[in-house]
Amino acid sequence: MPVDPLLRLRRLPADEHRDPDRPDRQEAPAADGGLTLAQTPSPTTGALPQPVAGSRSGLRRDLQALRALAVALVVLWHAEIPGLSGGFIGVDVFFVISGFLMVRLLVGELDRSGGIRVGRFLHRRARRLLPAALLVLAVTALGSWWLLPVTALRSVGWDIVASVAYVANWRFAATEVDYLAAEALPSPVQHYWSLSIEEQFYFVLPLALLLVALLTRRWARGPGRAMRVGTVTLLAIGVPSLLYSVVHSSSPDPGDYFNSLGRVWQLCVGGAVALLALRGSARSVPGGLRSAAVLVGMVGIVASAVLITPESIYPGWLALMPTVATALIVWADGDDLAVSRPGAAPWVQWLGDRSYSIYLWHWPLLLLVMVQFDGSVLARAGAVLASLVLADVSWRLVEERFRLRGSISAPARAPGLSRSAGLMVTPAARRSVLVLAVASTLTAAGGLAITTDRDAGDLTPSLADATADKFTEFYEGDCRPKVSSPDPLTCTFGVPSSATRVLVVGDSHAVMWMPGLRAVAEENGWRLDLQAKLACAPVDATNMLDSQPYTACRDWGRNVVQGIVDDPPDLVILATSTGYSIVSPEAEAGGGLQDALGRTLEQIRAAGPEVALMAVTPRFAEPVPICLAEHPDDPQACQAHLPSAIPDNQWAEVAASVPGVHTVDLADELCPDGTCLTDADGILRWMDSHHLTGTYAESLAPLLAKQLLPLVAAR
């Protein structure tokens with residue numbers, strides 16, 4: 001997100017007030033130096049052209065306007081404003097700007113001094129970014145504890161810890177592909193994923209530049225050495241990253257959106273523009289060409305925000321559209337162009353100045369109104385307005401105070417604050433504020449991670465633990481196929497050496513029954529194999545995933561059936577959800593989901609094994625743990641009722657249509673007298689709106705055995 005103040009300071013009269021991070025400021029290496037290749041400039045350094053007068057002195061208003069546009073796109077998209085289906089590409093704009101600023105800073109330092117003071121660089125990045133980020137995290141942690149249901153607290157706590165450590169994107173990549181987390185509330189700090197990617201880039205980039213400079217010291221000599229080092233570094237990082245993004249975006253794995261490996265190329269594109277700027281100012285290019293670049297860039301960004309959708313295959317090749325568009329505007333250096341004048345408007349510059357704080361505050365506030373006020377238009381508008389107000393306050397009192405003019409020990413005063421007010425920030429005060437912010441954030445996050453005081457009743461599992469009460473041997477084991485993989489993986493339980501082999505096949509609903517099925521297998525000496533793939537209907541058709549045909553699922557199902565044909569088990573237990581859409585041409589040619597399941601059952605039955613189809617389980621109006629947390633004294637408010645909980649008993653009809661297929665139906669236990677219970681005998685039955693908790697599934701072993709034992713005996 002907007003991360004660097006290099007080009008957003010107000011013009012100040014004295015050089016001593018210039019931003020110390022400005023890449024065009026000439027500074028000798030510090031005595032303590034940090035990590036450098038050389039402590040004194042060599043005859044071959046300092047060879048890059050000097051800035052053209054006016055092109056980089058002071059503020060680049062066009063970059064501030066880009067920041068304003070980027071944060072506006074993201075905020076309006078999160079506020080669900082119609083017409084901005086791709087507003088999330090504002091993040092891509094920020095990536096390019098950040099790459100431009102950081103590469104210009106570091107390669108410029110490498111050229112001037114022959115080295116890079118890595119510690120000094122990272123310290124300044126932390127000083128610029130951490131105070132506001134930690135403030136928002138601390139406030140979010142406290143607000144989450146107060147306002148969110150207990151079911152969300154542990155997860156939010158770990159999200160905050162990951163955000164403090166700048167690895168949030170990796171955590172969200174993992175949870176995004178957790179099919180069972182699909183019904184959970186979005187994280188109030190999910191927007192920190194992009195900050196994490198940028199911080200990771202800031203850590204790797206200077207080290208990579210130094211490494212390349214070291215490895216190429218024999219040939220990368222003479223004038224332009226720093227440029228060659230920068231070029232090799234960006235190519236070495238950016239090209240593999242782009243290829244990774246393209247290859248992996250073709251798979252339906254939603255976690256790839258957050259993956260650093262598929263995103264860092266966008267920062268490298270910004271870095272490439274920085275190398276061009278260091279080689280020679282764009283101001284030497286005719287104004288008409290630069291104006292055209294700005295116009296094409298603006299059209300590209302706006303078109304991306306309007307045409308790209310969350311269902312698009314992204315990032316991949318499609319991300320080149322906003323990335324290249326932003327790069328064109330950054331390259332044009334268009335503050336002197338008439339086409340850039342609208343971006344110089346005071347309100348645009350105001351947004352650009354505060355874009356980082358706006359980005360930090362907007363999402364927790366929008367999530368709050370979604371939880372507390374059902375996300376009405378008025379509430380969302382209020383959240384956006386509140387984020388602007390809080391952003392202005394935190395920009396003045398936090399960002400500007402911690403953005404020092406030079407060394408860490410120099411006192412600083414936030415611009416715009418009165419001298420007479422005595423608002424001087426001493427080094428000790430700054431350190432104290434930072435320590436308190438870190439401590440309060442981690443303490444609050446840790447409290448969220450273990451809080452269960454607001455749990456409802458004495459249930460096992462507790463409401464806070466419900467989503468974690470699952471068959472972890474699959475979810476955390478080695479037999480969970482990747483989203484893009486068509487190859488079945490097998491987990492074996494029970495008695496592996498047994499001559500009686502039972503195979504469980506299906507999606508998350510098949511995994512849901514495994515605690516009870518494993519208990520039956522162990523009790524009766526069976527070998528129990530599991531072949532499951534999440535969000536995948538094990539049928540003879542292609543279902544959809546994230547609005548894309550899930551061909552890997554179709555091929556996986558066919559491979560499972562072929563494996564059964566090649567080596568038939570004694571019993572096949574098939575379980576799957578009903579909530580799948582079949583690709584239209586296939587649905588038109590071969591019927592819908594029921595027909596596809598019927599064909600699969602016929603193929604399995606023809607191979608010889610007994611076949612049991614698990615009946616459809618009820619579906620509640622909302623995740624049961626969340627509902628119980630909201631109604632701790634009225635669990636009846638969370639119950640579901642037949643027949644609405646199971647609108648039509650599809651699977652019973654399918655089983656009846658295929659000779660030799662049996663239905664395993666526990667409806668009388670799950671919904672006695674037509675009422676689907678949320679809990680009984682101290683056991684929480686549901687982990688979300690339609691998956692059983694592992695504890696409850698295991699308690700059903702006797703009922704499962706009663707229906708399955710005759711089928712095995714028939715062999």
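Even glycines carry a Cβ here, placed using N, Cα and C.
Those TrEMBL annotations? Automatic predictions, nothing curated.
Keep in mind that this is a model prediction, so the values were computed, not measured.
Straight from TrEMBL, the features:
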- 37-47: compositional bias 'Polar residues' (COMPBIAS)
- 62-393: domain 'Acyltransferase 3' (DOMAIN)
- 487-706: domain 'SGNH' (DOMAIN)
- 87-107: transmembrane segment (TRANSMEM)
- 128-148: transmembrane segment (TRANSMEM)
- 201-219: transmembrane segment (TRANSMEM)
- 226-244: transmembrane segment (TRANSMEM)
- 264-282: transmembrane segment (TRANSMEM)
- 289-308: transmembrane segment (TRANSMEM)
- 314-332: transmembrane segment (TRANSMEM)
- 433-451: transmembrane segment (TRANSMEM)
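By the Cβ criterion (distance under 8 Å, sequence gap of 6 or more), the transmembrane segment (289-308) is counted as touching the transmembrane segment (87-107), at least 3 such pairs being found. Counting same-chain residues at least six beyond the ends of the transmembrane segment (87-107), those with a Cβ under 8 angstroms from any Cβ of the stretch are 1-4, 6-7, 21-23, 63, 66-67, 69-74, 76-78, 81, 116, 121, 194, 197-198, 201-202, 205-206, 209, 226-227, 229-230, 234, 263, 266-275, 277-278, 301, 304-305, 308, 310, 315, 319, 321-323, 326-327, 330. Across the domain 'SGNH' (487-706), mean pLDDT in this model comes to 90.
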